[in-house]
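Participant: This is the structure I want to talk about, given as C-alpha cells.
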Amino acid sequence: MRDFWKRYCRNRGALIGLLILTLVILIAILAPLLFPQSPWKMVQRPFLPPFSQGDLLLGTDAVGRDVMAGLAHGAYVSLLVGLVSTIVALAIGVPIGASAGYFAGRVDDALMRFTEFFQTIPSFALAIVLLATFQPSLTFVIIAIAIVSWPPVARLVRGEVLSLRTREFIEAATLSGLGNLQIITRHILPNALPPIIVLASLMVAQAILLESSLSFLGLGDPNIMSWGYMIGAARTVIREQWWLSFIPGMAILLTVLALNLIGEGLNDALNPRLTRKSK
Amino acid sequence: MTRFILGRLVKSVFILLAILILNFFLIHAAPGDPAAVMAGEAGAADEKFLADLRAQFGLDQPLYVQLWIYLKGAVQLDLGFSFRQQMPVADLIWNRLPATLLLTGAAFVLSLVLGVIAGVAASARQGTWGDTVISTLALLFYATPLFWVALMAVVVFSVWLGWLPGFGFETIGAGYTGFARALDIGRHLILPATTLGLFFMAIYTRMTRASMLEVSRLDFVKTARAKGLRHGVIQRRHVLRNALLPVITLAGLQAGQVFGGAVLTETVFAWPGIGRLMFEAINQRDYNVILGVFFVSAAMVLLFNLITDVIYVFVDPRIRLTE
C-alpha cells in the first residue's frame, strides 16, 4: 500500500487531480449545509454579475437564482451520476466479459457479437433515444449512461480473463475441484482488478461529460439542478451574460480533468512494470 | 479483399436490422399507446391521424405481425411520418443529411490531420517544453465538454472579435451563387468543424505520440539507424507509417462518437443537419424523427467503419496477405 502511494505521488498531475477532486467532493457533501435553500429559489434580481455582492459570490442567473448554490448542488449530482452509472456499467460489463473470456468458444462468440453491436451504434444517439422513450428522471439518466458505456469494460475483462485462464494457479484451482463461479470471482477477477480500476476512473469522467451533455440538451431530470442544465439554460443569453455558461463549464472541465489525471496516476501506481517500460 | 468487404457488408446489414428491432420494441416500451407515441406527445395529433397509424402499422394485430409490417416499411426507407413537421421522416432526414456529412467530414479530416501532426511533433521533442505544451493541451481538450467549447468559441470569435459567423449554414438573403456561396458556407463551417474536431484531435494527438514512441523503440528502427539513414527519413518512412495503424483503428471506432458530438455542435451553431433535427425533435417530442435520426446515424457510422476498413487494407498489407 505504501508502495502504491509512493508510485502514485511520483506523478505530479495525479496529485493535482486528487486535490481538485477532493475539493469538488467536499463542496458536493457540504452543499446542503452551505446552501440549505433550494438552488431553484429566486434570491435576488436576475443577471447579477459575479463578485458584485458579498453574499452572492458568483452572481445570479436569468431568473435570479444563486449561481454558486447551483454549482454546489450540481457538483453532488455530477459526482453521483458519474459514480453510480460507472458501478452499473461495471455490473453489466464485468460478468459479460468474464463469461466470454472464461468459457470461450460459442459463449464468447455470442457475447462478443452482443458487445460489438452496442459498441457500433452511436452511443450518444442511443442515450438520447432511451431518455426520449422513458421519462427523464435521475434513475433513467444513470441507466442510460450505463447502457451506453459498458462495452469497453466487457472487452477489457474478456482480454484479462483470457490471459489469466491458462495460468498454473487457475489450473490448480480447477484440479482442487472449485466451481467455475468460484474460480472466476475468487481467483481470476482479483488478478484482473488493476486495469479495471484504471478504466473505471476514466469512465466516471466520461459519464460526467455525458450527463452534462444530456442535461444541456434538456434530457436531464427536470427537478434536479445540474451543471449541464445551467449551461443549457444560459445559452439564450450567451452574448450578454457569457459567464453564466462559462462558470459551470469550468466546473465540468476541472472535475473531468481531475478524474483523467487520477486515472493516469492509478495506471502508473498499479502497473509499475508497464510504466517503466514506456519511459 | 472483396470477400473481406462483403463479410463486413453482411455484418452491417444485420446490425441495422437489430437496430430496427430495437426501435420497434422501444416504441412499445414507451409509456402510452404506440400510435400516440409515434405521432408525438402533447396532443399534437388528431384522432384521424392516430386511426390511420393504427391501421397502417396493424396495431390491433399480434406483435410479430406488427414487427413484420414495421421492418417491411423500414427496408423500403419508410421511416414514418412526422406529424409536427407534416413531412415523411425520411424526407426530413434526407434534406438535412448533406449538412451533417459536410460538418462531420470536415471535423474528422481536421482532427486526424492536426492530431497526427501534433502527436508527431510532441514525440519528436519528448520531454522538452514543446512536448509538455502539446500534451497538456491535449489533456485539457480531452476533458472539455464539447458543447461548452462551442459556446465559448461563439463568444470569443463571433461576439467579441467578430471574425467569423457563429450561427447558421450560410448568410441568409445574401443570394450568393457558385464560388461565393461555397466560400460563405466555408466561413460558417470553420467554428463548428473546429470545435467538433478539437475533442477528437486531443485523442489522436495522445494516441499518435504514444504510438510513435513505442514504434521508435522497435528493432527495425535500430536497423534503419544502423544503416545510416537520416533521422527524418526514419521518422517518416519507418516509424510514422507503422505508428499510424492503431490511430486509424481508433478513428474508425470513433465514428459513432463524432456523430454524437455533431448533435451538440449543430445545436449550438444552429447548423441545419440531422443532429439539430434530433434536438428539435427532442423538444417537440417528435418520436418518429428521433428514432429515424438514430437509425440513419447508425447507418452512417457503419458506412464510415466500412471506409476505414478499406483504408486499412491499403495501409496494412498484412491484412491482404492473410485473406
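Backbone N, Cα and C define each Cβ position, glycine as well.
Found this in TrEMBL, in case it helps:
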DOMAIN    B:97-312  domain 'ABC transmembrane type-1'
TRANSMEM  B:12-30  transmembrane segment
TRANSMEM  B:101-124  transmembrane segment
TRANSMEM  B:136-165  transmembrane segment
TRANSMEM  B:185-204  transmembrane segment
TRANSMEM  B:243-269  transmembrane segment
TRANSMEM  B:289-315  transmembrane segment
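Let's see these features in context: how buried, what's close, how far.
Facilitator: If you look at the transmembrane segment (B:101-124), the same-chain residues 6 or more away from its ends with a CB under 8 A from one of its CBs are 130-131, 134-135, 138, 185, 189, 192-194, 196-209, 211-213, 216, 235, 240, 244, 247, 251, 258-259, 261-262, 265-266, 271, 273, 300.
Same-chain residues lying 6 or more positions outside the transmembrane segment (B:136-165) and placing a CB less than 8 Å from one of its CB atoms are 118, 171, 187-188, 190-192, 194-196, 198-199, 201-203, 205-206, 261, 264-265, 267-269.
Listed as Cβ neighbours of the transmembrane segment (B:289-315) (distance under 8 Å, sequence separation of 6 or more from its ends, same chain) are residues 1, 4-5, 8-9, 12, 15-16, 19-20, 23, 26-27, 74, 79-80, 82, 84-85, 89-90, 92-93, 97, 101, 241, 244-245, 248-249, 251-252, 255-256, 259, 274-275, 277-278, 280-282.
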